[in-house]
C-alpha cells in the first residue's frame, strides 16, 4: 500500500512561485520527497504575460489565463500537479475562498480576484455543483 501525503511549503526564491508543493510517497515505510513549484511547470514569462492580461478588476477569464500561461499545452499529469499546488489546504478541492487568491498563487504581488470573477470561475468549472472544484473538473476546464 502506498500512502500519499502532501505538504504545502511557503518558501521561495526569486526564480520560484510563492507556493510550492512537496509530495511524499511512502510505500513500506520508505519516503521519497519531491518538491515542485508552478515555475517548474510553467515559464516565468508565460505566467507574467497571463497576469498582465488580467490586471484590471473584472478582467480575469480562466480559459484565456490558462492559454496565456501555457497550461493548456501541458499533460494531464502536469495539470494535476498544478491543481495540487493551487489546492492550498490540500483538501483535494479548490474552494471559493482559495479561488479568490488564485492569481497570487502564480505571483505574490498579483491582485485578488473580485467576488464576481471568483463566482464566475467557480460556476464555469464546478460541473457537479458542489461548490468546489475537484481535480477532474479542473483538468476538464484547462484541457477543453
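One-based numbering along the chain as shown.
Even glycines carry a Cβ here, placed using N, Cα and C.
Automatic prediction, not curation, is the source of TrEMBL annotations.
Taking the Cβ of residue 137 (Ca(2+) 1 binding site) as reference, residues of its chain lying under 8 Å away and at least six apart in sequence are, in sequence order, 125, 126, 127, 128. According to TrEMBL, the Ca(2+) 1 binding site annotation covers 87, 89, 98, 126, 128, 130, 132, 137.
Summarising the annotation, TrEMBL assigns Ca(2+) 2 binding site to 91, 93. Its own atom aside, the Cβ of residue 91 (Ca(2+) 2 binding site) has 11 Cβ atoms within 10 angstroms in the protein chains shown.
Each residue in the domain 'EF-hand' (74-109) has a pLDDT score, and their mean in this model is 95. Annotation comment: TrEMBL describes 74-109 (among others) as domain 'EF-hand'.
Counting residues 6+ beyond its ends, the domain 'EF-hand' (113-144) has Cβ neighbours under 8 Å at 57-58, 60, 62-63, 66, 71-72, 74, 76, 79-80, 83-84, 86, 92-96, 99-103 in the same chain. Annotation source TrEMBL lists domain 'EF-hand' at 113-144 (among others).
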Cα-to-Cα gap, residue 132 (Ca(2+) 1 binding site) vs residue 91 (Ca(2+) 2 binding site), nearest whole Å: 10
Secondary structure of residue 93 (Ca(2+) 2 binding site) (DSSP, helix/strand/coil): strand
